[in-house]
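Pulled from TrEMBL, these are the features on record:
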type     : residues                                                                                  : note
ACT_SITE : Lys38                                                                                     : active site, for sulfotransferase activity
BINDING  : Lys38, Ala39, Gly40, Thr41, Arg42, Arg119, Ser127, Lys255, Gly256, Arg257, Pro258, His259 : 3'-phosphoadenylyl sulfate binding site
DISULFID : Cys240-Cys250                                                                             : disulfide bond
DOMAIN   : 31-243                                                                                    : domain 'Sulfotransferase'
SIGNAL   : 1-18                                                                                      : signal peptide
Amino acid sequence: MIYRVIGITFLLIQLCIGAPIEMPKKRFPTAIIVGVKKAGTRALLEFLRLNPHVKAPGPEVHFFDKNFHKGLEWYREQMPLTTSDDVTIEKSPAYFHSKNAPERIKALNPNTKIIIVVRDPITRAISDYTQASSKRKRLGLMPSFEDMAVGDCAVWLKANCSSKVRGVNAGWGAIRIGVYHKHMKRWLEHFPFENIHLVDGEQLIKSPAHEVSATERFLGLKPTVKPSNFGVDPVKKFPCVRRSDGELHCLGKTKGRPHPDVRPEVLEMLKDFYVPENQKFFQMINRRFFWDS
Ligand code: A3P
């Protein structure tokens, strides 16, 4: 019904001004933020939306991993109405570590632009744990981050318990997702490097306009996002969008949560674990990120 009303409105405008006007329609995304979970993917999408040509569905669609059986028309239906001047972006951060997503996205459109936000995998793992433990509060407390990362996994990790690497439970999802080169390899097998844009999740916090402008350019859009579009949340200290009336619009309470303190010796073990993995990732992408690990 709503689309019929929009259609008739457009037709009337067209008749009035005598020039052809393009009718908005739902299209498959031209770009997808595929990950990485807990690296700042929501912040990136919200900041990109400052550009009037960026259109995105509100919730994560999870088509290429969980909802693939629902079919392509279901997927298209989740997308916003756009004209050909717009860029439709979808964000589902679990695609990054999904075995099927790269192949399925390529099958739909091999020219899809792939956006990946990466951050220090240790911070990412702690963030992942913080989110999981906040969800588990009602079910009873989870073991501490330290126990899960380097403790006796037989107590809680059903699978991959034999997979301690350099003392770290490398089979635990929160750790495994941060071994970026293993997942990146799959994306590079399916997409040319120039179709993949990496966003530095740490810089997205320190200097959001810089990372957003680079992403606008990658999307083929004229950069419109500027430092003056941002302010800093006085409590959480994360960047927020400054609206035209000067008010700050920050991400919700599930973003920018306080993290648990992690014992220094556990952080050292994680560093020893991730440094060689990060090196492989940097070699693969021919770029270095300046993380603690
Ligand atoms: P924490 O809540 O653990 O701090 P994602 O959106 O991919 O799930 O990532 C969430 C993380 O984005 C947050 O994890 C936070 O560290 C980071 N982040 C980056 N920019 C942010 C912002 N402007 N506001 C809130 N969190 C932001």
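For all residues, glycine too, the Cβ spot is worked out from N, Cα and C.
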Euclidean distance between Cα atoms of Ser127 (3'-phosphoadenylyl sulfate binding site) and the residue listed as 'active site, for sulfotransferase activity', Å: 6
Candidates near ligand 1 among the recorded positions Lys38, Gly40, Arg42, Ser127, Gly256, Pro258, judged by a Cβ under 6 angstroms: Lys38, Gly40, Arg42, Ser127, Gly256
Densest Cβ neighbourhood among Lys38, Arg42 (recorded positions), 10 Å radius: Lys38
Least surrounded among the disulfide-bonded residues, given as Cys240, Cys250, when other CB atoms within 10 Å are counted: Cys250
Winner by Cβ contact number (other Cβ atoms within 10 Å) across the binding-site residues Gly40, Gly256: Gly40
Cys240 (disulfide bond) and Ser127 (3'-phosphoadenylyl sulfate binding site), Cα-Cα, nearest whole angstrom: 19
Pairwise CA distance, Gly40 (3'-phosphoadenylyl sulfate binding site) versus Cys240 (disulfide bond), rounded so that it is a whole Å: 13
Which of Ser127, Pro258, all binding-site residues, has a Cβ with the fewest other Cβ atoms inside 10 Å: Pro258
Arg42 (3'-phosphoadenylyl sulfate binding site) to Cys240 (disulfide bond) - Cα separation in whole Å: 12
